[in-house]
Amino acid sequence: MARLPPGALMQRAVAGLVTVCTRRILRSGGYGARVVVLAGAGNNGGDALWAGARLARRGAHADAVLLNPEKAHAEGLTAFRAAGGRVVAVADAGEALAGADLVLDGMLGIGGRGGLRGDAAALAELLAAGRTAGAVVAVDLPSGVDPDTGETPGPHVVADHTVTFGTGKAALAIDPAAAAAGVVHHVDIGLAPYLPEPALTVLDDADVAALLPDPGRESDKYSRGVVGVLAGSAQFPGAAVLAVGGALHGGAGMVRYAGPDAVATEVRQRWPEAIAGPSPDTVGRVQAWTIGSGLGDGRGADVEAALAAGLPVLVDADGLRSLPSRFDGPALLTPHAGELARLLDVERAEVEARRLHHAREAAQRWNAVVLLKGSTTVVAAPDGRVRVNPTGTSALAAAGTGDVLAGLAGSLLAGRLSPLDAGSVAAYAHGLAGRRAAASAGYPSAGDVLAELPAVVRSLRGAVGAG
Ligand SMILES: NC(=O)C1=CN([C@@H]2O[C@H](COP(=O)(O)OP(=O)(O)OC[C@H]3O[C@@H](n4cnc5c(N)ncnc54)[C@H](OP(=O)(O)O)[C@@H]3O)[C@@H](O)[C@H]2O)[C@@H](O)CC1
Ligand SMILES: [K+]
């Protein structure tokens, strides 16, 4: 802002916002459309009023509801009125919304804290109650969500689209806030050279392709890494089969399975290439361990033996019940919200409401990377770095998909990826596999997801050149 004439950044933002509205949302390009602007007292309201003014100049009928008329953005309001826009009282907002084609939510942006209050909360409620047939477009963020955490501390807008400026925000990546954003459109306003290191990142295909281990020409099975899998039980033999399957698709040169004979027999029937032995001590050398999927009770000694090896470890599911107080070496924990709640001794609903907070807290406490599975998978490292997975899909909410993920990520650990990279790459590929499986199977099983992994890895590798 210091380097540009006053208002220049806002005009860039507004131009992007209007372009999205006229090209992507309003079929008429704006002419004749009925637009309602909900404007708060800050610059977020300024953006919305300026956008309303530009749409009015294109022939839209624009009404504005001002939350705080004395403090409304002065230049924005002047421009809005000069373009023929009409200010309506909060009491008449319901009527205006009922006839709207487009609602611009400019009540609160990145300056908002603590959920909506008063009239703002009442307007959000009208929108939630379906009192408009128009598209609800959030300016920068759905008003009322917490910008930096993805939490929804109180009433907030639920939008069909969000047009966001300058850079992504945690609220647009992490549920429950992200679920309120609808389709997210990014508008570049030239901030990139001035932004600090991001607090969290979202990988894309090219990032993931660059991180995937590349089996070079000289690689043999040992140099590609050997992963040990301590998973499954007489009660849950399928977990072992799925975890070993995931591990076989993560680039490791060999998979060693440690578990009871009856389970090992099932594993070898499905995956003849896996080596098996009864316990972590006897199965042979590995470069990383995947521990826990379907392990059941009473295997604490095996878990301790695997942890005692001092190798990079992934701990999932039942293994999470035998954690040391703190890890000294590379470690990746993969709880779902219920498991993380148990670890931190809080309610599951609290973890789901504050995913970033709780993943970070556990990462600090155990000195381990924590991959919190769920609607938006968050991967938090003890040094504060965070990655949020963008490929999640409800198709992965099926029994056994976590076992596949654990095997896959453990295999990447054996391939010498750091726990942060192994967790975020595995989550990304696993999400893509879930989407592909859903496209062909409708309601895919964990086996369907596993079966799509080779095609996902192949297509990501193709992205290296493209990226
Ligand atoms: N940064 C940039 O480069 C650019 C930023 N741009 C835009 O500016 C936006 C940020 O603007 P901002 O900083 O003025 O804050 P904003 O979100 O409008 O809210 C502040 C107002 O809300 C009020 N308020 C607070 N909490 C509340 C609550 N719970 N419930 C109700 N009211 C509450 C608070 O009132 P107060 O509490 O101070 O009385 C204050 O009046 C950003 O999101 C983007 O849209 C673009 O133009 C491009 C360039
Ligand atoms: K907003």
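Positions of Cβ are set from backbone N, Cα and C atoms, glycine also.
Between the candidates G384, G400, G402, TrEMBL assigns the AMP site shared with K373, G374, S375, T376, T377 to G402. The annotation in TrEMBL ties A239, H336, D403 to (6S)-NADPHX, and of the candidates under consideration, G294, G296, G442, the one tied to the same site is G294. In sequence order, A231, F236, L242, A243, G292, S293, D316, A317, A399, G400, G402, A406 are the same-chain residues whose CB sits within 8 A of the CB centroid of A239, G294, H336, D403, the residues recorded for (6S)-NADPHX being left out.
Considering only the binding-site residues K373, S375, T376, T377, the residue whose Cα is spatially closest to the Cα of D403 ((6S)-NADPHX binding site) is K373. Each of the binding-site residues S375, T376, T377 was scored by other CB atoms within 10 A of its CB, and the lowest score goes to S375.
The local packing around D403 ((6S)-NADPHX binding site), expressed as other Cβ atoms within 10 Å of its Cβ over all shown chains, amounts to 30. For G294 ((6S)-NADPHX binding site), the nearest of the binding-site residues by C-alpha distance turns out to be G402; the candidates were K373, G374, S375, G402.
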